Amino acid sequence: MGSSHWSTDAYHARKAYNASAGRSDFGYTDDVLSSVPRTKWKVHEKLDPKGVAFRESRDSDEHPESLAISVLFDVTGSMGRVPRVLQTKLPALFGLLLRKGYVEHPQILFGGIGDATCDRAPLQIGQFESGNELEEDLNNILLEGGGGGQVTESYELAMYFMARHTAMDCLDKRGRKGYLFLIGDEKAYGKVKAREVREVIGDDLAEDIPFPQILAELRRRFEVYFIMPSGSSHFTNDAVRSFWDEQLGQNVIHLEDLGAVSETIAVTIGLSEEAIDLEEGLADLADAGSDAGGVVGRALAPLAGPRGSVVRSTGLPGGDASAPGTDRL
Amino acid sequence: MSAPAWADTSAVVVDLGFGDAGKGVTVDLLCARRRYGAVVRANGGAQAAHNVVAPDGRHHTFSQFGAGTLAPDGPVPTHLSRLMVVDPLALAAEGAHLASLSVPDPFGLVTVDERALIATPWHQEANRIRERARGGGRHGSCGMGVGEAMAYALARPGDAPTAGDCRTPAVLRRKLHRLADHLDALRRELGDGSRTSPDVEDCVAAYGGFARRVRIVDESYLPGLLARAPVVFEGAQGVLLDEWHGFHPHTTWSTTTTANPLALLAEAGRPGDARRIGVVRAYTTRHGAGPFPTEDPSLAGLLPEPHNGTHPWQGAFRVGHLDLAAHRYALAATGGVDSLVVTHADSAAAAGGRLRRCTGYTDRAGRPLVPVPGDAPAPSHPLHPAPGPLDARADAHLRRQAALADALAAARPVLADGPTPPEEIADALGTPLEAVFSGPTRDDARITAPA
């Protein structure tokens, strides 16, 4: 007896349920697109940042040492099919983190970023979840498409929300930053505009905040990474690439296959938590049956370099500096 | 034609034999005569196979959908309660077949309690590995993994996947990986050489489709439903296969008496608010291994059985004379019923003078043998409320049932000649007759009591 009959059962079951539903995994998007005129599109109530005091990542009896992880992705047109790929790939993130023991009690938040100058849904922010309801948040993210066409999206607005409207026990109780992954392919606007904050989030901000300032504020709370998928429209746009390189340096990750996004995030966190080095992370991926190792390895090679350590050497410190593999800085 | 009037009370349909008596047609008939808010499953899983033939010729083997789905005034919705073991993959196939019979939007008819266990391909495979390891001593399992799902959940309640988990892939994925580990361990333990396993991601995707397509509901749903409308509880298997009252070990891991429906009614604040309907055939059958005192293989050729054949896991479909002694035992085990439905009355006639009835048993020494149900432990369900592992009392009880099984295997039936008219069956069982089926459809039913 082979495994084929199980796969066949699962395949037919999935097909039967999906066919009967006549809708894709992005249930909310499909409902909205098919039934509501564009001028009436709006964020799902569970993801609406308006009037939200805090999205909280808290410890509990079940999860005594929570770690906040947030993943916000561009939902505008320039990203093409990317958000739909993310929706199918990101749920695996939780399992990867847990199975490999990189993080014991992850709490994950998903969100969507649009363009506040022209979109109906410029910012969508879910909750930090310990596994439950994560899929539902993803499912409810409205993939508006659109965008402004000026190679700029409102990343800074999302960053403002994450800087000012999150509460995390990992930071408050243990002084450990959370993680924030931005996935996109455009630049941020130069400043957080008070008017947009008022409209989208509801805070009564007296003046605009320059981008570098909000980023600095954000980075005191989160390890911030920017993942740039090579399948997106602006991957080869030098203005976009240099913008993020300048702002985030080595924390920009160029990812050639978005199918490996969950693995990339998991290994990035594993590296940062010093649970593993890159080699171990890639070995873990191979063990888990993932064939994303090559893609992840290439994407994360810059992160695996020397970070704060003076010497990276395959030999003993003080060994022959000219020997291959020795890299003295 | 105007829709029938609402039923006065809920109905509980229970099989007083080894299963296959005709619970499906009984439920179909009930739903044709009166309106019910839903058909509710409260035991067993996808191994149920209730054949219903509509008068227009459509035939469906109901497994997880309630047998009110082909009711003439529109399908009656199905609720799978927390006491049922749900198989979402099998439900998909069943829904597709119902759609092919012009049932509109079958999955839209189904609600599932989030607390219900799910049986997965890993449970199914573990089930089959165990049956293979038993060699000639098979228990007669259907190989669907229902008992395995119950056993696994009893041993590891925190790891057992539930219908509600299908909504949260991360949780489900973790549990399925653990199940896969468990299956590997079982293979090593039993020295089973099979290696291949179901694919977790394929299944997570399929279960996700299930969760998006059927309504998964919480504990407030069924009490709310019962407050609005009477329902039909469609039992699965038969009382003689009950986990505690059946003849150990040839039983199912499920409470097949009226105990589960009555427990759900009590939880909803409506204790005893139901009419209990027992179903028997005019002769007795058994599918799979286990004692069957009145078995007579020579009857098989005389009694056509279009929908039950030799099952690859369960084994042969067995036929015997009407076993009134066994049905009396079943009635005592389930605490009695309020009315009786007799099916296959025409088949009995077709067998002519060959069909007999068993009024009692004698043991090897020729002394009367009257099986009496024991004081069984409460129905077990691993997740709510936690009953703990099988305790010493349960163990002693199962030994008693095993001894009873041995005694019955050696028992000789006391047989009287001639087929038994349905009225006499009802008399012999001390229960008013409600309906008699002399053919496969509800149109072949003779109604003998008001609805």
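In case you wondered, yes, glycine gets a Cβ from its N, Cα and C as well.
All TrEMBL annotations are machine predictions without curation.
When TrEMBL is compared with the stretches B:183-205, B:367-389, the one noted as region 'Disordered' is B:367-389. Of all the recorded positions listed here (B:His50, B:Arg156, B:His344), it is B:Arg156 whose C-beta has the fewest other C-beta atoms within 10 angstroms.
The shortest Cα-Cα distance from B:Asp346 (GTP binding site) to any of the recorded positions (B:Asp20, B:Gln237, B:Thr252) is found for B:Asp20. The binding-site residues under consideration are B:Gln237, B:Ser438. Their Cβ neighbour counts within 10 Å are lowest for B:Ser438. Residue pairs drawn from B:Arg156, B:Gln237, B:Thr252, the listed IMP binders, are separated by up to 26 Å at the Cα level. B:Ala345 (GTP binding site) carries a helical DSSP state (H, G or I).
Taking Cα separation as the measure, B:Asp20 (active site, proton acceptor) is nearest to B:His50 of the recorded positions B:His50, B:Ser438, B:Gly439. Summary: among the recorded positions (B:Asp20, B:Asp346), the fewest other C-beta atoms within 10 A of the C-beta are counted at B:Asp346. Per Cα geometry, B:His50 is the residue among the recorded positions B:His50, B:Arg156, B:Gln237, B:Thr252 nearest to B:Ala345 (GTP binding site). Counting Cβ atoms from all protein chains shown, B:Thr252 (IMP binding site) has 27 others lying within 10 Å of its own Cβ. A straight line from the CA of B:His50 (active site, proton donor) to the CA of B:Arg156 (IMP binding site) spans 31 Å.
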